[in-house]
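Q: According to TrEMBL:
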type	residues	note
TRANSMEM	126-147	transmembrane segment
TRANSMEM	153-186	transmembrane segment
TRANSMEM	207-225	transmembrane segment
TRANSMEM	286-304	transmembrane segment
TRANSMEM	313-331	transmembrane segment
TRANSMEM	367-393	transmembrane segment
TRANSMEM	446-462	transmembrane segment
TRANSMEM	468-490	transmembrane segment
TRANSMEM	502-527	transmembrane segment
DOMAIN	577-639	domain 'STAS'
Amino acid sequence: MTAMEGENGRSASLRALRVSNVSYHDESYVSHGLTPRATGVQEEIDLASRLYVQLEPADRDHSVKELLHTTVVNGWQRFARAVRSAGMSSTSKRDAMRAVPTQFSKACKSTVGYYRLNLGILRREVLCGVAATLLMIPETVAFSYVANLDPIVGLYATGFFGIVVGLFGGVPGTVAGAAGALAVVMPTLTGSDGSLSHLTYEERIQHLFVAVFIAGLFQLAFGILELSRFFSMIPRTAHIGFLNGLAIMMFLSQKTTFEDCTRDDLRFGECEKQGHLTWMSASNPVTWTTLFTVILTMVIMVYFPRVPLIGRLIPPTLVVAIVGIGFEFGINRPLLGWDVRTIGDTSPLSGSFPSIHPPSLGSIKDWGSVLSCAASLAMVGIFESIMTIQAVVDLTKGQLTRTACRKECIAQGIGNLLCGFFQGMGGCSMIGQSTGNVLNGARHRLSSVCAGIFTFMVILFASPAIELVPVACLTGILIVIIAHTFYWPTFGLLFRIKLTEAFTIVLVTVLAAMINLAVAVIAGVIWQCVVHGWTSGRQIRSTSTTETVDATIVTLEHDDDGESGATTQHSTVEARVYLVHGTLLYSSVVHFREFFDVVNDPSVVIVDLQHCHVADFSAVAALKEAAMRYRDHGKTLLVRHLDSHGVDLVVHHDLAWELTDDVYLRQKPVPPAPKSPPPSPFSRIPAIVSPVPLQSPISSYHKLHE
């Protein structure tokens, strides 16, 4: 076999080599001392670590046909892999969906049998459900006012979410309902100063129900496609900013408690919808009575749970409702006459079961606002729900799984779809209520389901009692919740953590209070990604050394007949080795270029990436740029110790590279020396001016005087 045939065979063998995550057979294994058998990923990585990567010969051109063929083949392979993966995933999901009715019936039978044998646990779960209901009813009414909605709309959502999340949620014991995190987003549609302020209140409410329905579809898609795993990218600093922004938005929403209606012929709710509100006067005794009720509520919420024995048995919100009603109708109104506004004075509760009202998609006049609100509701709902189930899992000493997150997203989507059909405000899992439910002893799904059922029972049979609760009591409850929501160590963290992370907390907090929670969290994630990319790019470094390597010098030759051949010669050459440490990615390319001294480096340069990870295509382009710079100076750059991901990026995604098992130096053919012209007959005649170079004056003199 000639040298050229050996060169072509070696190149073909190397082009056939592929390092991937599947086992393969390849004839090139023989040349590396490996038996031709299926090898695993580790052996593939070991093989790749012993090979060099260098640019293809400069004279090798890829035709348009070859490029098109490679593109089509690679695209088809990717498409086939995606189809196979989706097919297997969809098959398993279809099987799981088909098994849902059977599994549900089995679960119901086993649950009934379990509680028959454990009546004590049954009693505890039911009591925890009652306690959760009594805790959520006042909060739901308060959150309904935050969203500019009637309380009955929020109560419907709490009932539906309690049942749905209790049955299908990711973690047992999780309590869900109308949440403040969603309530602060809804005024963008329902508020008189929102994006739909030119529409009537009824039209704005219809837009909200459509947004809730679409948010449910988004959450279902998140759950089915398992997109909730991307929420793991949210940093802790964004969590803190989310909580702080939520607390600030909830606090600002309580200003209506200290406002009066300027028209006596309207209830406060109708007056608020039409924008006829004004601040209470400081000289009005009702203002100070309202403030006293708020403070009294806060004192009860904080100190009643510390009362021995009964403090842990009776929910403080129930005590607040009883004390507030007693003070208002037993002391204030009959004796003082300084009436504090109640829920009934704001808007009456209709004690009826919700009826089906499909979302009127045809009546939507501003799809942009609806879709924006729906996306925000879906994202904020999933974010708070995942935070909630994480808190529940931490309390129960369990472990949060991807399956639990997926089930939680699906449950949230079903709940919002039901709210869209039955005109509920939507909701999500709530951190405070869920942790309180677990601390009360709830460990199963029955407590959450009971909370939803008891909420509908309150709507049907106890709505007149709810109308008697002063609105100031709801404000006091919310202020205590706000105090527990705000992350107070923030003020100390801002001066102890990195400036970039402190800025993330401030950025998310400010954007949450000024725009909405979803935009704030997205901005925080983007900022942290930029910071991480910048920091990772600055951490790359390099050290250089010299090394003697064995090289194969390939020289192409052309004879007089136009035929080409090649000769090979084995030799040792001195090479400059750059040891790169860190991550080579888009943000480190500028620093990577500064490592090389193209002019002064020897003819062989090796970039050792044993301690460097090639992250993206920008890194591949930087390697190619460096190799081209050395080639322009007649030198060769090789890359070694690429990991499997780096080999896949460099070799498989860029046609300009090839794997080699040795240092190959290709030399251009030496052109044949020009033939000497025949001697001139006048060559022996002395010349007047000597043709000899000027640096040989003595020889010229002797030739002139021969």
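Each Cβ is built from the backbone N, Cα and C atoms, and glycine gets one as well.
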Q: At a C-beta cut-off of under 8 Å, are there same-chain residues at least 6 beyond the transmembrane segment (468-490) that contact it? List them, or none.
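A: Those are 138-139, 141-142, 145, 180, 240, 243-244, 246-248, 250-251, 254, 257, 290-291, 293-298, 300-302, 317, 320-321, 324-325, 328-329, 340-346, 432, 505, in sequence order.
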Q: Across the whole of the domain 'STAS' (577-639), what does the mean pLDDT come to? Round it, please.
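A: Averaged over the domain 'STAS' (577-639), the predicted model reaches a pLDDT of 89.
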Q: With an 8 Å cut-off on Cβ pairs and a sequence gap of 6 or more, do the transmembrane segment (502-527) and the transmembrane segment (126-147) reach 3 or more such pairs?
A: no
Q: Does the transmembrane segment (313-331) reach the transmembrane segment (126-147), going by 3 or more CB pairs under 8 Å (6 or more apart in sequence)?
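A: Stretch pair touches.
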Q: Counting Cβ pairs under 8 Å that sit 6 or more residues apart, are there three or more between the transmembrane segment (367-393) and the transmembrane segment (126-147)?
A: no
Q: Could you give me three numbers for the domain 'STAS' (577-639), the DSSP helix, strand and coil residue counts?
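A: Tallying H, G and I as helix, E and B as strand, the rest coil: 24 helix, 23 strand, 16 coil.
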Q: Please report, as numbers and ranges, the same-chain residues at least 6 past the borders of the transmembrane segment (286-304) whose CB is under 8 Å from any CB of it.
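A: Cβ under 8 Å, 6 or more out: 257-258, 280, 311, 314, 316-317, 319-320, 323-324, 327-328, 332, 336, 338-341, 470, 472-473, 475-477, 479-480.
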